[in-house]
């Protein structure tokens, strides 16, 4: 009971921080960028058109509507450049970080309560094809352009732990910052809840689940390459927080030239020229990773396709595709968190029991508002953080994501043992122990480190002391309000670090107890749902075999075949 409650609460609170940081990445990529904002805004009507097309005009024609959607997306990116050059376009679509945050909060709320077929599913189609296609195109471009790696194999920051972007020792923070490129609890959560409702048959899960994570790792490798081929002075000008770089190209140049990096110092003119080359006014402190990936992609792809004249297009094309798949994660994650909250509250009984009915619209809206308010408040905290929101929140994001993976691996290990497959328990068990070692070490350092660049509570105590001493400025805080903001933010971040670690340890200990009981033949038996005969036919893999095509023809010829439910709209389309 205790372990189950800890798992539910732990997964829910971890989801909140994950969604907030993902939204923060989009905000940092699109802020003050009318081209990017217009292109992303156009994906919403495009996705709605695709949903209506699939639902009413050409049901089941996924490839057809996806091609139409991709063509419309390319048009949106191209026209974004034209719109950004107009006076009205610059006025309408040049948005501050706070304004963008509110737009994403409103979008997240709307997307989480609309039917899946209306917005979420067509955006997922677009996101999948664009993500896989773009990364494959980037890989081809890298092979053709053969860019030179600018980043050293091991930088001076690896030994000192004083990195300008993320401070901390190589272990454990190397494993924390790569996050979902290697291990992702968020993906485990979605694939164990939402994905099964969209499958046509169980055998498709291996391709979608395992293949999806292989693709995710491939994306991570491409992202590492695009970061490593950039001029390192420019890289840190893009990724260091505003508190360090200032707000101008000159202050950014002065800062990065003082880091002791190898190579020629960079000038303010070179930073400005780099921004203008991709159609932006500034790239200083565009933190979050998305602008860096987009900039690196434009550096590669313009050498292969189109030359300098298309460099700005490739940058904004990359921003569009990144923001698109991140926003699909935000809306899907919000929907899942809403389900979890409504189920959890419904289990309390009484009047709340009604929340377990997903068709109760008032309950769905209420739970969605609570979830969005939770991650939205952290998002707003991040965009107004004087220390640079992404630079302080991203380590917590990585820890949270991998702690969520630890919960998933604990559950899998216990299930494997309970099913009598003890000799295979090491397969999830060994990664679980490694994951816990890394994440608990990182959590310990974020909580107890005496280095204010690493430890949340040490940083918190320094700013509290400055406030009590009557200082109006301290560190990155330039006024008393910013000192208050840092004190509040570090308190929240430090508290969340403690909560995450404690909840996951409770789940792990409960899992160990259940596993030992199962090995001794005691404990509760494993509950397994009875198999239910399928009412549809579908191929096992991505491409149907000749035999499966023949069976499909015979199946379609049966009376009432077209009246049978289809997996992609059943079960989730109404809630």
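Just so it is clear, glycine is given a Cβ too, placed from its N, Cα and C backbone atoms.
Annotated features, as they stand in TrEMBL:
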{"type": "DOMAIN", "residues": "2-442", "note": "domain 'CstA N-terminal'"}
{"type": "TRANSMEM", "residues": "7-29", "note": "transmembrane segment"}
{"type": "TRANSMEM", "residues": "35-53", "note": "transmembrane segment"}
{"type": "TRANSMEM", "residues": "65-84", "note": "transmembrane segment"}
{"type": "TRANSMEM", "residues": "99-121", "note": "transmembrane segment"}
{"type": "TRANSMEM", "residues": "128-145", "note": "transmembrane segment"}
{"type": "TRANSMEM", "residues": "165-186", "note": "transmembrane segment"}
{"type": "TRANSMEM", "residues": "207-230", "note": "transmembrane segment"}
{"type": "TRANSMEM", "residues": "312-330", "note": "transmembrane segment"}
{"type": "TRANSMEM", "residues": "362-381", "note": "transmembrane segment"}
{"type": "TRANSMEM", "residues": "393-417", "note": "transmembrane segment"}
{"type": "TRANSMEM", "residues": "496-516", "note": "transmembrane segment"}
Proximity of the transmembrane segment (312-330) to the transmembrane segment (393-417), 3+ C-beta pairs under 8 angstroms: no
Which one, 7-29, 65-84, 128-145, 165-186, 207-230, has the most C-beta pairs under 8 Å toward the transmembrane segment (496-516)? 7-29
Please work out which recorded stretch in 7-29, 65-84, 128-145, 207-230, 362-381 has the most C-beta pairs separated by under 8 angstroms from the transmembrane segment (99-121)? 362-381
Counting only CB pairs under 8 A, let me know which of 35-53, 165-186, 362-381, 393-417 has the most with the transmembrane segment (7-29). 393-417
Quickly jot the same-chain residues contacting the transmembrane segment (207-230) by Cβ under 8 Å, restricted to those at least six beyond its ends, or write none. 131-132, 135, 138-139, 142, 147-151, 178, 180-182, 184, 187, 191, 195, 199, 238, 289, 292-293, 295-297, 299-300, 541-542
Would you mind listing the long-range same-chain contacts of the transmembrane segment (128-145), meaning Cβ under 8 Å and 6+ residues beyond its ends? 66, 69-70, 73, 215, 218-219, 222, 225-226, 297, 300-301, 303-305, 317-318, 321, 324-325
